[in-house]
Amino acid sequence: MKMADAKQKRNEQLKRWIGSETDLEPPVVKRQKTKVKFDDGAVFLAACSSGDTDEVLKLLHRGADINYANVDGLTALHQACIDDNVDMVKFLVENGANINQPDNEGWIPLHAAASCGYLDIAEFLIGQGAHVGAVNSEGDTPLDIAEEEAMEELLQNEVNRQGVDIEAARKEEERIMLRDARQWLNSGHISDVRHAKSGGTALHVAAAKGYTEVLKLLIQAGYDVNIKDYDGWTPLHAAAHWGKEEACRILVDNLCDMETVNKVGQTAFDVADEDILGYLEELQKKQNLLHSEKRDKKSPLIESTANMENNQPQKTFKNKETLIIEPEKNASRIESLEQEKADEEEEGKKDESSCSSEEDEEDDSESEAETDKTKPMASVTNAHTASTQAAPAAVTTPTLSSNQGTPTSPVKKFPTSTTKISPKEEERKDESPASWRLGLRKTGSYGALAEITASKEAQKEKDTAGVIRSASSPRLSSSLDNKEKEKDNKGTRLAYVAPTIPRRLGSTSDIEEKENRESSNLRTSSSYTRRKWEDDLKKNSSINEGSTYHRSCSFGRRQDDLISCSVPSTTSTPTVTSAAGLQKSFLSSTSTTAKTPPGSSPAGTQSSTSNRLWAEDSTEKEKDSAPTAATILVAPTVVSAAASSTTALTTTTAGTLSSTSEVRERRRSYLTPVRDEESESQRKARSRQARQSRRSTQGVTLTDLQEAEKTIGRSRSTRTREQENEEKDKEEKEKQDKEKQEEKKESEVSREDEYKQKYSRTYDETYARYRPVSTSSSSTPSSSSLSTLGSSLYASSQLNRPNSLVGITSAYSRGLTKDNEREGEKKEEEKEGEDKSQPKSIRERRRPREKRRSTGVSFWTQDSDENEQERQSDTEDGSSKRDTQTDSVSRYDSSSTSSSDRYDSLLGRSASYSYLEERKPYGSRLEKDDSTDFKKLYEQILAENEKLKAQLHDTNMELTDLKLQLEKATQRQERFADRSLLEMEKRERRALERRISEMEEELKMLPDLKADNQRLKDENGALIRVISKLSK
């Protein structure tokens, strides 16, 4: 039964399993591919830092915020100023970047340029309206942090020119906070707005900056002395952290809770500056006395005030009055208890007053900057989050403008909205001192709260804050902020508070630390700089200013601030995935933000970037292709058939520009027509010989042209002499010679036209070299050949190859020598008979190849001195050849153009040369007989000279090469020697180290050996004693 039950249960389990969720799960867990997406702003900042203006433009067109700030509050303009990228600075300013945008520590781009010493950027920024009186969270203007004299001079001149009051700018924050605190006190209602990110209040700012007057007024107005920010810091935490003794005393006198802990579990003692720890302990003792006295008196009013909240309108006044009285009594008791401490305090106050006069001035402007910044933050975040809560008409939109422009009547510098601003807005300003801790940066946690919640709180407070305060009473919160900031500034030096990151990073000496802590180190989010706000109002930059906060002088910023400071851009970036639309895809794709549809943007990015790169490469290739094409044109390999040569050329350079193919097509037209009587086998043999004797990359140089012309002259003179001797020997054939001459003269008339084509044919012989040129069967029209020849010559002359004309000259000389050969051949043919003349002429024409000169490796030999001189002349320089050339030309009454004009006059020269060469043997051979010997001697001497010069040049070149090689060899040897020495030293050191280790091992063995020796000695002594005993 039990077995049956078990089986039944098992079957039921199996049935339940089938179709269950677990059964339906796939056996292999599918892992989703992680896709990395970057925020639009991060992509924009990266593009700006890389200097890619095209990419930046595309991002801007796609809706990127040009004033986007990273977690440190740094915008692209800040980064460009730090990187000394003048072009990007100009580009960003031209595209609407806020030139006075502060970062988390109140540094505007001008601060960055001044601290780095970039004069050109500073001049440009000033010219574009940068505020030279801008004060950062430490109370420093660009002039204060300028590194170089030239920069200081520039900024000082600009300050003088604009009439900026630096001291007033520094005190602006405290003055505004005082005004608002008085206004709250008079109105009986505190309408402070917490800072959007830190949750700081005006009381925090006043305590941290040491604005004692503001602090007193705020407490009188009914501020809760134990109010906490988002990180749980009370005003006492701030005052203790920044070392503000007076602020601590005021808070303790007003019975703040000294044991309150923040969210990290730290009391004010834990985060306090080391310098005031003792003072805080004394204050705690006094407060305990006060508490005991009050417990004795059982004063309910004081107890109620201790827990009083900000928004109690009626009770606040009653309790406030008693509060004012009680603290004074308590203060008198405390002072009576410690007169010594009072004296010290007074001295400290004097010191602080001297310092804090400056510090307060700095902090005023800083806290103003904080209020202004934080208020815009709230309003901006409201705008960004599209919160449609209906605030009072005076409160809703004016928050930005009023926050920026509330300087009221006392502020004469900023004539914008003064007393007209609604009290709610002004109070909000003062409340924005909540930003007090933007600069304080205690723990990274304070930046965690979203700006949206802060903005909602701000709006709620705006809606609830209905009390209108008179413009005459300045805000309390501003003065509070100043004092709080002083306290916070001092706290920077606290090194032992582990979880808190000291706000001030660069304290040097104690005095500096005190001053800086009191005024400068507090990085307030410039919620109180109304002056800044008005300037920024004018530049429509309130949003960005609201989002940024100040930092210490260094540009290194903390990341917890970074997280909270940047205003998130809510624009979703549409991505284009198709690679076709290059610009659009570029605009959309490069920055794949978290808001883009997943998967689409990466593809768009790749395609767009690849398109752009492809376009750039193609343009570069187009630039380079023209010379490439020309180069290929000059010396293609010699192909046997005309058609195959053109096709091969076009196919090999298919990737280059179409112009190259066009030129190749043109070249097809200059190829010498194949004669009918020449068989295919003969043509192949000729092309094969041409390929053997010529390098595929060989060109034609000017030197070769000149050599060819001299060679023509020499070969012509030798041939004329031989022909004259033959005529003398064969007088019986003079009639036939005359007939032949007459035929030649008749053909000369037609040749005058054909010689214009002659050069083009000789040029093309560089590609089909050994194919004999039939002047009569040339079918190419002279005009077309001339035009194509001109273009081809131009293309070849553009080449960079030094020997680009070798083929032309050799072919040129070969063409002229062929004419002379033909004349001699025809005379010989006349001897043998006219019936055999045609085939014999072909053979004869083919045989005198040994007299022709190839441009490549010459493979024929002859014993005559003339041909040897011709071979020597291949290496001669161009200068003396020019002389011989002009001589030989002028001898034939042709226009003697210098060889330097060869490129211009080459076409005409070729025709005149060949024509004169043709006529010379027939017309004036006998007349020139006497002069040819002298010419030959002269040419021989010139050839020798040129040969010697060439040899000298070659030897000089070899000498320089050898010297270079020698130097390289010596350097190599030295390096090798050094290396060998080093290696030898290393080997020796290793050997010594081994030796030392061996010796150490031996030393370790030495005690053992000594012990063994001692033992053996003892044994020997014992044995000796035993033996002596036995011997007895």
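Yeah, the Cβs are placed from backbone N, Cα and C, and that goes for glycine too.
Model, not experiment: these values are computed from the prediction.
Taking the repeat 'ANK 3' (105-134) as a whole, pLDDT averages 91 in the prediction. Residues or ranges marked as repeat 'ANK 3' by Swiss-Prot: 105-134.
Here Swiss-Prot flags 138-164 as repeat 'ANK 4'.
If you look up Swiss-Prot, you'll see 231-260 marked as repeat 'ANK 6'.
As annotated by Swiss-Prot, region 'Disordered' applies to 290-553 (among others).
The compositional bias 'Basic and acidic residues' annotation in Swiss-Prot covers 291-300 (among others).
Here Swiss-Prot flags S299 (among others) as phosphoserine, drawing on a large-scale study or a structure entry.
According to Swiss-Prot, the feature compositional bias 'Basic and acidic residues' maps to 318-340 (among others).
Annotation comment: Swiss-Prot describes 383-399 (among others) as compositional bias 'Low complexity'.
The feature compositional bias 'Basic and acidic residues' is assigned by Swiss-Prot to 422-432 (among others).
Marked as phosphothreonine by Swiss-Prot on the basis of similarity to another entry: T443 (among others).
As annotated by Swiss-Prot, phosphoserine applies to S445 (among others).
Under the heading phosphotyrosine, Swiss-Prot lists Y446, citing similarity to another entry as support.
Annotated compositional bias 'Low complexity' per Swiss-Prot: 469-480 (among others), in sequence order.
For S473 (among others), the entry in Swiss-Prot reads phosphoserine, with the evidence type similarity to another entry.
Under the heading compositional bias 'Basic and acidic residues', Swiss-Prot lists 481-491 (among others).
According to Swiss-Prot, the feature phosphoserine maps to S509 (among others), an assignment based on similarity to another entry.
Here the Cβ of S997 (phosphoserine) has 10 other Cβ atoms within 10 Å, regardless of which shown protein chain they belong to. The DSSP breakdown of the repeat 'ANK 4' (138-164) into helical (H, G, I), extended (E, B) and coil residues amounts to 14 helix, 0 strand, 13 coil.
Residue counts for the repeat 'ANK 3' (105-134) under DSSP, helix first, then strand, then coil, are 17 helix, 1 strand, 12 coil. Using DSSP to sort the residues of the repeat 'ANK 6' (231-260) gives these counts of helix, strand and coil: 16 helix, 0 strand, 14 coil.
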